[in-house]
């Protein structure tokens, strides 16, 4: 008879659980958990400790569909979710597009092409893809499987080993820093986007009030690198001095003297640039509205934000390759310098770019995967998303260097003279090149709209990471129903913290945060995550978890990478980062020592969470000796495992019958009324008697 059977003993000591009604899947059911089962007289059985474990809301939600996040009455889409408490993606395309939007960000456009040409052109592709295969994809798969198995954000997943929960807090700190300054970059892109809505781009000529005598526009003259100027000295004597003109482009002066009104020092904040402040507000409002219903709303938005940038890239590519000099720029980008492969710096740059561009150790991958259905094939997703991210970087290089080659040809200089990276490429070099094109405002609108969408795709996940971590950690019914208010609170806090970055010294602080807040701290966090899962929790346990979730264990290649290769590469990146460290500069400005010290404090603020929380956990863990406390603090908590009872099979299966003291009365099914409606994937249903 269906119901009343017992399952295998749990591997976690102290976990007591109840037997419950179990529905036998019909032949039409492709995966466990895809059939909706309801009982005429539902019986809710929980084990002792479920109240504090975070699993109780999930159990209640399975029997009480009226409870959903944000307090809304469940829609038809919500009713199809496996996890009614947290919700799931509407479909798997939404998850893939969101993850692509998260991984493919501004760095793919303004950092990778520059690294490629600086490190040997096409030869750089070899170490780049080697690092992708041995480090990027394995780490990506690990984080996706980690979040999907537990259906928890970057804090909740550390039930796997509570002593290392500080890793999750470190991820939250990193995401906070990045979310603050990343939206400022988006707001600047918004500003340029609005400024492009004109007949003549404001950075095209040197006849504006903010321009200096050194300004020389590419539309006014060409080949202005060298020049001569007569100067009269001592009465009748005149000399002709040949000198090098210090050309300042109108786009650079527009950026430095008009948009930023850049101060002379990081400590001289000056005034808040009100136009940038307004654009920052617009940016945060857009992010909040897109996340107002969590993944249910953002999952719909990414159909546009994650795909349209590829349309724009293709349009710019087609336009770029038709320009004179474009081939020279592309060859400069791709021509291999094979001797560079022997340089450690090239391999270090390749490893760092893979690591940072995929968004590993930010917490976003764990968070996005936590909204997947339990049996989703995240192995397939990790390969698709990682390769898409890297292919986008390579493709963006063609777009960037075709235009830069055209500008270099127009000016009569080498491509290296116009190539740049970071904000210098996005807001100075590329906008200047666009002024040379017919209908330049149109191309400018497309370019900055693409930057906005690329930035928003990453920003969505950064904000959702923080919100999900807070909601999962508190875990009570009130905060589950008020998740929208949590999202609003985080967005308002992010806006307020971003205001100093819109001041005249804002760009100094933005680059300081970019260089220190998410640099070596990410490497440390990722390394500790690998070690804690593979060697503290145990690689065999984790491989069994993945097999239970996916139906197959991780391939041998990934097992080897997780245990040996990827940690070694991460350690190499850490050593490389330390060896290659140089004090931060912006153009010719050298940051003062106190500013660099603040940068190091930002970097340490995320890493320090790990030992501090470990010490806290040791102090609150039972044990007669330090070794016993250490053992108890690192073993999985009893609520570690799949969030839903229907997925807690094998060593996670409930085994014992609870008593009424556990919080719920156990009532037997009435043999005449126990019917199970089996709902198929196409919406059809049939009733099956529970008796054999």
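A Cβ is built for glycine as well, from the same backbone N, Cα and C atoms used for every other residue.
Feature transmembrane segment, per Swiss-Prot, maps to range 436-456 of the set 247-267, 415-435, 436-456. Cross-referencing 346-366, 367-387, 619-639 with Swiss-Prot places the feature transmembrane segment at 346-366. Of the given residue ranges 53-73, 74-94, 95-115, 200-220, Swiss-Prot assigns the label transmembrane segment to 95-115.
Between the listed ranges 7-27, 28-48, 301-321, Swiss-Prot ties the annotation transmembrane segment to 301-321. Between 335, 657, Swiss-Prot assigns phosphothreonine to 657; no such entry appears for the others, which is not proof they lack it. Segment annotation: Swiss-Prot labels transmembrane segment over residues 174-194 (candidates 153-173, 174-194).
Range annotated as transmembrane segment by Swiss-Prot, chosen from 470-490, 596-616: 596-616. For the transmembrane segment (393-413), the most Cβ-contacting stretch among 122-142, 272-292, 301-321, 346-366 is 301-321 (pairs under 8 Å).
Here the transmembrane segment (272-292) lies next to the transmembrane segment (492-512) in space: the count of CB pairs under 8 Å, restricted to residues six or more apart, reaches at least 3.
Counting Cβ pairs closer than 8 Å and at least 6 residues apart in sequence, the transmembrane segment (346-366) and the transmembrane segment (95-115) reach three or more and so form a contact. Count of Cβ pairs under 8 Å against the transmembrane segment (556-576): among 122-142, 301-321, 436-456, 492-512, 596-616, the largest is for 122-142. Per-stretch counts of Cβ pairs under 8 Å to the transmembrane segment (516-536) identify 596-616 as the leading one among 122-142, 301-321, 436-456, 596-616.
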